[in-house]
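As recorded in TrEMBL, the features of this protein are as follows:
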DOMAIN    19-105  domain '2Fe-2S ferredoxin-type'
BINDING   Cys57, Cys62, Cys65, Cys87  [2Fe-2S] cluster 1 binding site
BINDING   Cys127, Cys130, Cys163, Cys165  [2Fe-2S] cluster 2 binding site
DOMAIN    266-451  domain 'FAD-binding PCMH-type'
BINDING   294-301, Phe374, 384-388, Asp397, Leu441, Lys459  FAD binding site
BINDING   Gln805, Phe836, Arg950, Ala1107  Mo-molybdopterin binding site
BINDING   Glu840, Arg918, Phe952, Thr1048  substrate binding site
ACT_SITE  Glu1296  active site, proton acceptor
Amino acid sequence: MGSLTTDEVDFMSLAEETKEVIIYVNGIRKLLPDGLAHMTLLEYLRDIGLTGTKLGCGEGGCGACTVMVSHYDQLSKRSVHYAVNACLAPLYSVEGMHIVTVEGIGNHRQGLHPVQESLARSHGSQCGFCTPGFVMSMYALLRANQTQPSEEQIEECIAGNLCRCTGYRPIIDAFRVFAKTDDALYTTVSSEIPPGGEFICPSSGKPCSCGSKIMNDNITSKENTTCTNGHAPVSYSEVDGSSYSEKELIFPPELLLRKLTPLKLTGSGGLKWYRPLRLQHVLDLKSLYPDAKLVVGNSEVGIEMRMKRIQYQVLISVAHVPELNCVNVNDNGLLIGGAVKLTELQNFLKKVVAERASHETSSCRALIEQIKWFAGKQIKNVASVGGNICTASPISDLNPLWMAVGAKFQIIDCRGKTRTTMAKNFFLGYRKVDLANREILLSVLLPWNKPFEFVKEFKQAHRREDDIAIVNAGMRVALEENGGIWVVSDASIAYGGVAPVSLSASSTENFLVGKSWDLDLLKGGVVELEKDILLKENTPGGMVEFRNSLTKSFFFKFFLWVSHQMNGKQYFPENLCLPHISAIQCSSKSSPAGSQNYEIVKHGTAVGSPEIHLSAKLQVTGEAEYVDDTPMPPNGLHAALVLSGKPHARIVSVDDSGAKSSPGFVGLFLYKDVPGGNDIGPVVYDEELFASQFVTCVGQVIGVVVADTHENAKLAAWKVHVEYEELPSVLSIKDALKANSFHPNTERCMSKGDVDLCFQSGDLDRVIEGEVYVGGQEHFYLETNSSLVWTMDGGNEVHMISSTQAPQKHQKYVCHVLGLPMAKVVCKTKRIGGGFGGKETRSAMIAAAAAVPSYLLNRPVKLTLDRDVDMMISGQRHSFLGKYKVGFTNEGKLLALDLEIYNNGGNSLDLSLAVLERAMFHSDNVYEVPNIRVTGRVCFTNIPSNTAFRGFGGPQGLLIAENWIQRIAVELKRSPEEIREINFQREGSVLHYGQELQHCTLAPLWDELKYSCDFWKARSKVDQFNSQNRWKKRGVAMVPTKFGISFTLKFMNQAGALVQVYTDGTVLVTHGGVEMGQGLHTKVAQVAASSFNIPLSSVPNASPTAASASSDMYGAAVLDACEQIKARMEPIASTGKHNSFAELCLICYMERVDLSAHGFYITPDIDFDWKTGKGNPFSYFTYGAAFAEVEIDTLTGDFHTRMADIILDLGHSLNPAIDIGQIEGAFIQGLGWVALEELKWGDADHKWVRPGFLYTCGPGSYKIPSANDIPLNFNVSLLKGHPNVKAIHSSKAVGEPPFFLASSVFFAIKDAIGAARAEAGYNEWFPLDNPATPERIRMACIDDFTKAFAGLDYRAKLSV
């Protein structure tokens, strides 16, 4: 291995040649063979069975693949530890290092690590797929720190990790216990056990004494609890019972003694991998391979090779070249090696800032701040300065700063000759730099700043944390006093995100030099900027008006910031920035805090208790298995889909010749190969498994390729060439309305009263009409769709393991496409890594596609979608258009509503009609409207079929309702909260579909929230703040919700369960629900434990969901089965001859008592007739309300949620800890929908995207909330004293109702925008579509900077 031929460079002598390529994994030595240069560390780890490290996105954007890397640093003479994204790290890049995965720090047999234990007990894991990544990020921080980490460091360490389930609060709480204030806590060992009877906090998993009040009676025990999650230091011993230092894997002694050697290795496709150890080696290699790519962190090259299929033949790892990894201080400034990692640079800059004079380090401080928001910690730990520079991304955060600070780039060629170029001259065009093939970037010189020289960084992204910029900038100005006037002696302004290259605003720079620093300079500079930067319509990236306005906003902020720095200097104008100081004031950002307030009502041993998730300990250790973790059976194959590249076209031909010559190719299967029926669909068969003649969306499946590896299957599928004849396409609801394009038989109507008569009468004082556009949302479950299919009994039976919410649908689809009876097809689902509705129907197509080659070849086939493919083909939350006409009195009383709603169904019906129907059911929210008519239709468009998503259309209908409520308030100049209150439905109200409200808890719930958040005081404080701050505004809102619980299809409201009692007293429960993080298995096990009056640990619930009603139905079915068994046991139990439940079970067995029972439950009293539009579609309603306070930056559109206060009526909760987690998770997911997550399709409003393509198909472009986006004060309460008579143990469903409550943030944002507009003299109502992204917020805040680009009626483009 690694031998060098004589015709190659001789920089590695045979004496230096590598004898062994080794790594250590969890303390175990591993010898790596040659030929794996193409492989990532993640692929290797999973191939050797360490599947706790997950593949979430493949681009370093989600953190699910986080591991810790340790190596011995020769300079500092110590072991260094840091977190990395294993999905991007080339396997050979960690040669000679120690890799620690989640399996290496603890497991449920030998004991959990304190980090794992704390996370499990704090309810910080729901679906569990992201959990190992969070654990390893925190673990790496603890190992890396010489002292205890701060809370800020803890939050920064998880910035690169995403979670879709929990809402982050319990994760932050779990890790916050490690933010020590006393080093002694790290080694103090305590064996104290909390005394019995103390309440265990649902957030921290520790005893909580704040406000407990216990009341017991014969049947239940009640407990009122408020958990405030204080910041008191907690030692490791409290969660583990042993010291920190005793639990860790040591750094392998062999690696301490081992000398690094150069590497020359190979990979598939002729790939060569070199690891030189001296600069001359690098130059020699560059001479031999001019097109070779230099890599350090592989964060760009890895994505290019994997995602963009760019094939580089030679990779040179320069991470160990000393000349490229040094940072030196000299009289001229800092000399930074090209391979220096960003984290190392950040730490060194902080050291320099602390040691040097303040005026010298303005550039350093700007770089520190920009690196902070550059990316997640895992990326910054490996990404290099030179890599970021030479990639020349037009949205690089650092390149505009290098240009602005006057940095010089030192370049060296293969002969050792160096030259220097200014950073501002280095970037030549899109991804083109002033670097010849045989040159490399050696170092960067960052000059010291002079007195009165100021440097400032700027960045605006969709999301503050771990996000690429929309626009960024670096600005520098040097001032000098000249005759009592401060004038500009030098200036440099550079922007990113406004051109194909980082751009110097040269005209503006020239204008500034020689001018006095005053308001005239500001005005003139803004005018000059328009000459330098003006984006045109349909520019790639879109948002041209927003991006143009940001260039001016940044310059305005820079002017104010410099003026503030100069304030008080002699001759400098006083208070130049005082009226606008809020533009540069940092919003106060503290660590998130909150409380969880609820009443515990226990039934028996377990029901009502805040138990942790039954799988939590398996999830925090990485032992919980998901589909892709299942070992491939012998002779197994991997599958990849051949997808349409056109939105609407006729298939002319399919050429598989390229695929056949691809390595590892086994076969391509098309529609003609399907053994059974090719037509599929959950309700109507209007889809094809494999497109036969026509494709009706980009991403439609044309065929499936199978090969020996996942990568080979993808490569072969990519080589299948499909020729099309393009046809006209419909790409939005607007297009559908113009083309009259609707799915057949989807017209729906429901009404109450006489709407037309009311509008014609004189009862109405006012009538308003308008349109509401409601954006879609990607599910972004962390585990993508995956199925493993194999045949049994000679191919006569088909078995599969699938990531699905509906195993029965997988069974149904597979038996249909294979032509087999259902009894011959078995689908198993243990757990799934998130679903949210996205795996209810669309996942069945994946299983069916894999089943065809598995059945025909009689070989196991695994099909796991990559993140971008999953997002592109599996459908999203429906976008909606609502057209309303509302009549009301001057007092705000609603009298009439005429509403038309349309949803974007996509290219097949799927569940779109049911989604539309639920939106219509919820279109009144909680408001009494005497005369109401709601009509709806499902639009047919040429995008992938949209599908179920948490709320199932309810949130869209509710959001439309709250829009017209808010508009009425503006029309009447009253608070929206007042309008809401005077129109509340009451007990006995008859809804527009004929159902009468019973047990309505809206009024007490609303009053309690109003009291707890002190709404009018909060309103007053916000008004006061807004009057004192021109460029920062705050807003508040209180929003109620009413969510109907039941499937709207009657036959789906049934559930079965099988309960088996064993002779040792343990109980096995099998039910039809699926555990996807919502705690269903845990709740069901609690029901069984309480029924038999045994501990929860005796119910190892093992077997397996959609709609929030799962706990209601499956819990009731389990209870039915338990009661049957108890009745059979009663004659023997009544004799009292047993001392334990186990003894009773054994006696019953000996007496031949049947200890197995099948339970069944149907939801009673529900029915609905669409012919009449009347009935009782819901068993009951879950009520809730939320208060939110936000603060926005009117110049950039940035916002943060200062407070969220939520209250929900859940009756008597089966498990309040799990329910609190569901509420917080739903709220943060809803926050993403209303404020962050925007789908961008190639439609008429986004012509820079290819027609029909989804632009936002990965974490790089689609932004779900991160830990930084949760409310700073996050309070959740459950309404007390209102049991639900309609469900098991008086509980209520929780999964979907809280989602819509995040709209309180949306309307608080709109309230803040209204304050900004009012200050500019605009008091009229204005539209705001969701999501309220920075673009929409900023452009709605009209000021002089936006007027140049957008009028008063400007409405940002939205794909609906």
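Each residue, glycine too, has its Cβ placed from N, Cα and C.
The shown structure was predicted, so the numbers you read here are calculated from the model rather than taken from an experiment.
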By Cα-Cα distance, the member of binding-site residues Cys57, Cys87, Leu441, Gln805 nearest Cys130 ([2Fe-2S] cluster 2 binding site): Cys57
Neighbouring binding-site residues, C-alpha within 10 angstroms of Phe836 (Mo-molybdopterin binding site) - of Cys127, Cys163, Cys165, Leu294, Gly387, Thr1048: Cys165
Of the binding-site residues listed as Cys87, Glu300, Gln805, Arg918, Thr1048, the one whose CA lies nearest the CA of Cys165 ([2Fe-2S] cluster 2 binding site): Gln805
Shortest C-alpha distance to Cys163 ([2Fe-2S] cluster 2 binding site) - which of the recorded positions Ser384, Leu441, Glu840, Thr1048, Glu1296: Glu1296
Other C-beta atoms that fall within 10 angstroms of the C-beta of Leu441 (FAD binding site): 24
Same chain, 6+ residues apart, C-beta under 8 Å of the C-beta of Cys65 ([2Fe-2S] cluster 1 binding site), given in sequence order: Leu42, Thr53, Lys54, Leu55, Gly56, Asn85, Ala86, Cys87, Gly133
Rounded Cα separation (Å) that holds between Cys62 ([2Fe-2S] cluster 1 binding site) and Gly297 (FAD binding site): 16
Cα-to-Cα gap, the residue listed as 'active site, proton acceptor' vs Arg950 (Mo-molybdopterin binding site), nearest whole Å: 6
Distance [Cα-Cα, Å, rounded] between Arg950 (Mo-molybdopterin binding site) and Glu300 (FAD binding site): 34
Packing count at Cys87 ([2Fe-2S] cluster 1 binding site) (other Cβ atoms within 10 Å of its Cβ): 27
Rounded Cα-Cα span from Leu294 (FAD binding site) to Cys127 ([2Fe-2S] cluster 2 binding site), Å: 39
Other CB atoms, at most 10 A from the CB of Thr1048 (substrate binding site): 20
Among Phe836, Phe952 [binding-site residues], residue with fewest other Cβ within 10 Å: Phe952
Integer Å distance between the CA atoms belonging to Cys57 ([2Fe-2S] cluster 1 binding site) and Leu441 (FAD binding site): 31
Environment of Cys127, Cys130, Cys163, Cys165, the listed [2Fe-2S] cluster 2 site - residues of the same chain whose CB lies within 8 A of the CB centroid: Ser125, Gln126, Gly128, Phe129, Thr131, Arg164, Thr166, Leu782, Gly833, Gly834, Gly1077, Gly1225
Nearest of the binding-site residues (Leu294, Glu300, Gln805) to Thr1048 (substrate binding site), judged by Cα-Cα distance: Gln805
Environment of Cys57, Cys62, Cys65, Cys87, the listed [2Fe-2S] cluster 1 site - residues of the same chain whose CB lies within 8 A of the CB centroid: Leu42, Lys54, Leu55, Gly56, Gly58, Glu59, Gly60, Gly61, Gly63, Ala64, Asn85, Gly133, Arg867, Pro1259
Fewest other C-beta atoms within 10 angstroms, as judged across Gly297, Gly387, which are the binding-site residues: Gly387
Rounded to the nearest Å - Cα separation of Glu840 (substrate binding site) and Gln805 (Mo-molybdopterin binding site): 5
